[in-house]
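Reviewing the structure listed below.
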Amino acid sequence: MADPQRKWVTDDVLTYSYLLLYIALSSGQIFFNKWVLSSKEINFPYPLGLTLLHMVFSSILCFMLTKVLKIMKVEEGMTLDIYINSVIPIGAMFAMTLWLGNTAYLYISVSFAQMLKAIMPVAVFILGVAAGLEMMSCRMLLIMSVISLGVLVASYGEIDINWVGVVYQMGGVVGEALRLIFMEILVKRKGLKLNPISVMYYVSPCSALCLLVPWIFLEKPKMDEQRTWSFQPLILTLNSLCTFALNLSVFLVIQHTSALTIRVAGVVKDWVVVLLSALLFADTKLTLINLFGYAIAIAGVAAYNNHKLKKGASQASSDESEPTVPLIQSSNSNK
C-alpha cells in the first residue's frame, strides 16, 4: 500500500517543478527573443519574420504530434462557422500581439515593456464592458485606477523612454486583450472548449497567414535590400521550439494546479523578468520610481485576479445548480 505522505510529497514536488518550468520558460523566452532581435547579438532585427517563423513551426509541430505521430489529440467539434467567426479573429489578434510585442523590444528595454504589460487588465476590462462580458462597478473602477496609476508612475520613472516602443507595446496589449475577449466569447457564447494543443492546432496556421501578408510588404523588401542581418537556422529553430514548449508548459501548470496558481506564477515571472533584465541588458536602467510604480500596478493586478477568481467560483457554483452542456467537454481548458 502506498504511503499517503510520500505521495503528497511527490505531488507537491511535481507541482513546484511545473511552476518553475513555466516561470523559467516564460522568462527565458522573453530574453531569448530580445537576444535574437538585437543587432548587437544574433542580429535578426525582423520581429514580423521571427513571429511568422514561430507560427509556421508551431503549425508543423502540431500537425506532426496530432496527425502523424498521434501523440496528442485534437478535440472535435470545430465547424466552418466557428472557425470563421471565432478562430480567425483569435488568430489575427494573436498575430498582432506577437508582432507588435516583439517589435517593441527594438525600441524599449525588456523591463519597461514588462511594466507596460501590467496595463493589460484595464484593456481587457474596457473591451469586456464594450462586448457585454463585464459589468461596470465602483470596485472595478478603483482597481483599474490603481493599475493605471502604477503604470503611469513607472513610465514617469523611465530614464530613456522611447514613445515609438511604447506605442508598439500598447498595440500589443490591445491585441492580447482582444484575443482574450474573443476566447471568452468562443467559450461562453459558442460553448466550445479546447485544450491548448487544439487551440494551437487551429490558431497557429491562421496566425501564420495573418503575419505572412504584412511580412511580404513590410519586412521582406528590407531583408532583400539589407544583407547585414544574420540567419542562424539552429538558433531560430531552438527559439521556435522554446515558444512551443512555453505554450505546453501553461497547459501542464493549469492541469496540475489551478487558475489562482498560474496567475500568482505570472506575477512572480513578471518580477523575475524586470529584475533579471537589469542584470542582463545594458539598455535597462531601473529607478526607484520605476519599481515603486510597478509595485502599485502589480498590487492592482493582484486585486483584479482575486476579483476574477471569486467571480469565476460563484459562476461555477451557479452552473452546478443549472448545468449546461458545452459543444465540447474538456477537463483541460486553456484559461
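Note that Cβ sites are derived from N, Cα and C of the backbone, with glycine treated the same way.
Please treat TrEMBL annotations as automatic predictions, because they have not gone through curation.
Annotation source TrEMBL lists domain 'Sugar phosphate transporter' at 18-305. Looking just at the domain 'Sugar phosphate transporter' (18-305), the mean pLDDT is 86.
According to TrEMBL, the feature region 'Disordered' maps to 313-335.
As annotated by TrEMBL, transmembrane segment applies to 12-32 (among others).
Per TrEMBL, the feature transmembrane segment maps to 44-66 (among others).
Within the chain, the transmembrane segment (87-108) has long-range Cβ neighbours (under 8 A, six or more residues past its boundaries) at 33-34, 37, 45, 47-48, 50-51, 54-55, 78, 116, 161-162, 164-166, 168-169, 171-172, 175-176, 178-179, 182-183, 186, 202-211, 214. Positions annotated as transmembrane segment by TrEMBL: 87-108 (among others).
For 114-133 (among others), the entry in TrEMBL reads transmembrane segment.
The transmembrane segment annotation in TrEMBL covers 140-157 (among others).
Annotation comment: TrEMBL describes 163-187 (among others) as transmembrane segment.
Long-range contacts of the transmembrane segment (199-218) within the same chain: residues 48-49, 51-52, 55-56, 58-59, 62-63, 66, 74, 78, 83, 87-88, 90-92, 94-96, 98-99, 244, 247, 334, each at least 6 residues beyond the stretch ends and with a Cβ under 8 Å from a Cβ of the stretch. Per TrEMBL, the feature transmembrane segment maps to 199-218 (among others).
Through the fold, the transmembrane segment (230-253) approaches residues 18-19, 21-22, 25-26, 28-29, 32-33, 36, 42-44, 50, 53-54, 57-58, 61, 195-197, 200, 261-262, 265, 332, 334 of its own chain, all at least 6 residues removed from its boundaries and within a Cβ separation under 8 Å. If you look up TrEMBL, you'll see 230-253 (among others) marked as transmembrane segment.
The feature transmembrane segment is assigned by TrEMBL to 260-282 (among others).
Per TrEMBL, transmembrane segment is recorded for 288-305 (among others).
Only sequence-distant pairs (6 or more apart) were considered; of these, at least three Cβ pairs between the transmembrane segment (140-157) and the transmembrane segment (288-305) are under 8 A, so the stretches are in contact. In this chain, the transmembrane segment (44-66) does not touch the transmembrane segment (114-133); fewer than three CB pairs sit within less than 8 A of each other, excluding pairs fewer than 6 residues apart.
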